[in-house]
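Down below is the structure, laid out as structure tokens.
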Amino acid sequence: MALYAAAAAVLAGVENRQGSIKGLVYASSFQNVKPLYALVCETQRYAAVLDAVIASAGLLRAEKKLRPHLARVLVYELLLGKGFRGGGGRWKPLLGRHQARLKAELARLKVQRGVSRNEDLLEVGPRPGSVSQVPRFVRVNTLKTCSDDAVDYFKRQGFSYQGRASSLEDLRALKGKHFLLDPLVPELLVFPAHTDLHEHPLYRAGHLILQDKASCLPAMLLAPPPGSHVIDACAAPGNKTSHLAALLKNQGKIFAFDLDAKRLASMATLLARAGVSCCELAEADFLEISPMDQRYNRVQYILLDPSCSGSGMPSRQLEEPGPGRPSRERLCALAGFQQRALCHALSFPSLQRLVYSTCSLCQEENEDVVRDALQQNPGSFRLAPVLPSWPHRGLSTFPGAEHCLRASPETTLTGGFFIAVFERAEGPSSASQAAAVAPELAPSPAPKRKKRRRKPAPAV
């Protein structure tokens, strides 16, 4: 089956350092990137387990024409996935000859490690708060449903709702089929690490968005009110764009730009499934967009999440687990682009608020870019002091850097992230922007845990 060959090719490319999982998936000739990306990520996550089972079963010795990366993908599907898709083609009978031995070796491995569930094999040995312990965050798409209905749907499926979390320890302690409402981000449900919802009917219908908590912060902190005009400068793959549309309640306008036609096509599909109707997609370089164009004269909000090293992404840390960091040459090139994009965004005449974010851990792409942009726009913009109780702040490399936010698996139980919120100095004061960060001070009421009569969730 073409899916398995494509997944094996991506895994080989990652091992040979030809690119990241996401980059190689989008560069693949396989058309349906979503199942390919999910299969590659899950296979890579279980790589050590799969390699141990394959070696113990002697699979590669018995099937000399079967390459290691393809074997890893096929054994994942057989033992840990949902079974072979589309009948499995010629691979199903091949693996069928070894199925009993492979299952026996997996069972033996569980006994050796003293665990009973497949996902528990991933939890042997990691330090608390590591990448493998980041919970599964699920944003309820309020363009299609509400938190109450989503919670009720999961409860009918046998999940146990624990109410709103009060601390990171509540999130860290999640196990089994328990789930919570995040204490900070409205409409964000939290499930135990490794909960797989890619085939869940609410996700497939666009009622749920699988999005890390840190990735939800940029739109939440930009907080454009309904009716606003917003630019999403580097928009694909579109999760943040769909979040902006939900905040706008589909009232207003989002101008979304990206240079990659294939990523934009996937993004259009995502937005359509999410019910987004206020977004105008453009295959264009944001740096080539004129701030004086009359189409953008009402743009007061910009979200800028530019290309970066991705050094904070959980998938990147799983595929490149060593202590290395991007080369100095690559960081210089990325930081140069990021600085140009940020200064360009700050030149839009009606701009009042901008969020700059990356999924990088590198100072060169984060605090250094923000500092240089402030220096090039003296007196025009300042950093908004957002989320004062957030535990991980910007590095103290310049005055005011403490207003920036950082995130990591160890400190915030999320992927690695960086966020800076700019506001126009002569515009509305920080006090008048309090509503933009209100979720921290006055969270929306959590769905109650007690049973009650409700109309069923929308059919999917």
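Glycine too: its Cβ is placed from the backbone N, Cα and C atoms.
Please treat TrEMBL annotations as automatic predictions, because they have not gone through curation.
Keep in mind it's a predicted model, so treat the numbers as computed, not measured.
Listed in TrEMBL:
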DOMAIN    126-425  domain 'SAM-dependent MTase RsmB/NOP-type'
BINDING   C234, A235, A236, P237, G238, N239, K240, D258, D285, D305  S-adenosyl-L-methionine binding site
ACT_SITE  C359  active site, nucleophile
COMPBIAS  432-443  compositional bias 'Low complexity'
REGION    432-460  region 'Disordered'
COMPBIAS  447-460  compositional bias 'Basic residues'
Rounded Cα separation (Å) that holds between C234 (S-adenosyl-L-methionine binding site) and C359 (active site, nucleophile): 13
Residues C234, A235, A236, P237, G238, N239, K240, D258, D285, D305 binding S-adenosyl-L-methionine per the record - widest CA separation, whole Å: 19
Other CB atoms within 10 A, centred on G238 (S-adenosyl-L-methionine binding site): 26
Intrachain C-beta neighbours of A236 (S-adenosyl-L-methionine binding site), sequence separation six or more, cut-off 8 angstroms: D258, D260, R263, L264, S266, M267
Spatial neighbours of D285 (S-adenosyl-L-methionine binding site) that are distant in sequence (at least 6 apart) but have CB under 8 A: F257, L259
Mean of the pLDDT scores, which run from 0 to 100, over the domain 'SAM-dependent MTase RsmB/NOP-type' (126-425): 92
Spatial separation of the residue listed as 'active site, nucleophile' from G238 (S-adenosyl-L-methionine binding site) - C-alpha basis, Å: 15
C-alpha spacing of C359 (active site, nucleophile) relative to K240 (S-adenosyl-L-methionine binding site), in angstrom: 13
